[in-house]
Amino acid sequence: MSKMADRYENQAPEKLQGKYQAMVVCCILGIGSLVSWNSMLTIADYYYQVFPDYHPSRVLTLVYQPFALGTIVILAYHESKINTRKRNLIGYILFTISTFLLIVLDLATKGRGGIGPYIGLCAVVASFGLADATVQGGMIGDLSLMCPELVQSFMGGLAVAGALTSALRLITKAAFEKTNDGLRKGAMMFLAISTFIEFLCVMLYAYVFPKLPIVKYYRRKAASEGSKTVSADLAAAGIQNQSDLTDDDSKNQRLSNKELLIQNIDYAVNLFLIYVCTLSIFPGFLYENTGQHGLGAWYALVLVAMYNCWDSVGRYTPLVKWLKIENRKLITIAVLSRYLLIPAFYFTAKYGDQGWMIMLVSVLGLTNGHLTVCILTTAPNGYKGPEQNALGNLLVIFLLGGIFAGVALDWLWLIGKKNAF
């Protein structure tokens, strides 16, 4: 074992080679794992026009989440036996096909509403849920055994996807607003761009990412610590001979998923609570509960854009050393204090003006991004490669569980409203 350790100590230069290329690729892969779903949320105003009676932003989110959560639980349970390369490629290919199917569905129905097209839309959204769980758990698990900057870049990419879709949505709304059928043209353009980004992710993950020196270094290191999940990636990078890396059983001993979860339960619960709070407000409340304002039809889009931009900023702030929270108690205090935002949103929607609402949405986004990255980059520290991969998968279960619970609680805002259901 000491010989193996020496071998990696002496390879420090390779560890740093290609780091910035890897961060850029991780950011694009992060964008790809959320851009399709964000496009769905961002063109919700189009779906509200086509399906006015079906609460699209709330229902579609509720369809998406059980599939995402169910899939990630199954995949995380079998994580140590799953070929990570195949898993991530299947996820990105499924995203590409599903996004393209949304365009096909709209063209086939000529943009008409009704229950049939709505069921078709829900089916595509369910496949987004499957793809999301496949990619997010796979990528975060895979990147957890590398340096924290790569996890941070991937998570940053998730938020950039939101900011990008919001910016594009505002541009397409302005460009097509006066044209005939403008909302539909903007929505179709959106989905076409998303399909292209998903296809780009398939190519990047298949041919570029495994060949970067820093990625090869960490995957070899994980294999030396008993990881079986990286073997296909090493083969793709042209490293065939792993027999010396994985045969020794003494290296294959690792903490079980249960032990890992017990040691990191505070991180897991905090991730759950972050997303319960965020998704109980965003996006359903912003689309349906903010009343009439001077910005009219632009109001919800501006709020969603502000959330996405600040979420994106929040995911990069932990790169500043003194802003990154690594103390476990401080993380818990910060997560719990976010719940003060719920009454703040309620009273601002009732009595405040749009300036206050924009400020609150910005705080919601900033804290969401910052705390997520602090947890996901701090938790894997000190574990071996296979344990880091497993822990990354376990944390994504709680993240998606929080999103699901938040989406369900989002319906509570409708209680007491006339014609709410």
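Placement of Cβ uses the backbone N, Cα and C atoms for every residue, glycine included.
The shown structure was predicted, so the numbers you read here are calculated from the model rather than taken from an experiment.
Residues annotated as transmembrane segment in TrEMBL: 20-39 (among others). Residues of the same chain lying 6 or more positions beyond the ends of the transmembrane segment (20-39) and with a Cβ under 8 Å from any Cβ of it are 64, 91-92, 95, 98-99, 128, 131-132, 135-136, 139, 143, 146, 149-151, 153-158, 160-162, 164-165, 190-191, 193-194, 197-198, 200-201, 204-205, 208-209, 212, 214-215, 308.
The list of residues near the transmembrane segment (59-77) in space but at least 6 beyond its ends in sequence, with Cβ under 8 angstroms from a Cβ of it, reads 37, 40-41, 44, 47, 87, 121-122, 125-130, 132-134, 136-138, 257, 279, 283-284, 390, 393-394, 396-397, 400-401, 403-404, 407-408, 410. Residues or ranges marked as transmembrane segment in TrEMBL: 59-77 (among others).
Feature annotation from TrEMBL assigns transmembrane segment to 89-109 (among others). Through the fold, the transmembrane segment (89-109) approaches residues 29, 32-33, 36, 39-40, 116-117, 120-121, 124, 127-128, 130-132, 134-135, 138, 184, 187-188, 191-192, 194-195, 198-199, 201-202, 205-206 of its own chain, all at least 6 residues removed from its boundaries and within a Cβ separation under 8 Å.
Per TrEMBL, the feature transmembrane segment maps to 115-133 (among others). Using a Cβ-Cβ cut-off under 8 Å and counting only residues 6 or more beyond its ends in the same chain, the transmembrane segment (115-133) has close neighbours at 33-34, 36-37, 40, 47, 50-51, 54, 59-60, 63-72, 75, 91-92, 94-95, 97-98, 101-102, 105, 109, 396, 400.
Annotated transmembrane segment per TrEMBL: 154-176 (among others), in sequence order.
The transmembrane segment feature in TrEMBL is assigned to 188-209 (among others). Residues of the same chain lying 6 or more positions beyond the ends of the transmembrane segment (188-209) and with a Cβ under 8 Å from any Cβ of it are 22, 25, 28-29, 31-33, 35-36, 39, 42-43, 88-89, 92-93, 95-96, 99-100, 102-103, 106, 165, 168-169, 172, 215, 236.
Taken from TrEMBL, the feature transmembrane segment applies to 267-287 (among others).
Marked as transmembrane segment by TrEMBL: 293-310 (among others).
TrEMBL lists 330-349 (among others) with the feature transmembrane segment. Long-range contacts of the transmembrane segment (330-349) within the same chain, counting only residues at least 6 positions beyond its ends with a Cβ under 8 Å from a Cβ of the stretch, are 266-267, 270, 273-274, 277, 280-281, 285, 289-291, 356-357, 360, 363-364, 367, 371, 374-375, 378.
Annotated transmembrane segment per TrEMBL: 355-379 (among others), in sequence order.
Look at TrEMBL and you will find 391-414 (among others) tagged as transmembrane segment.
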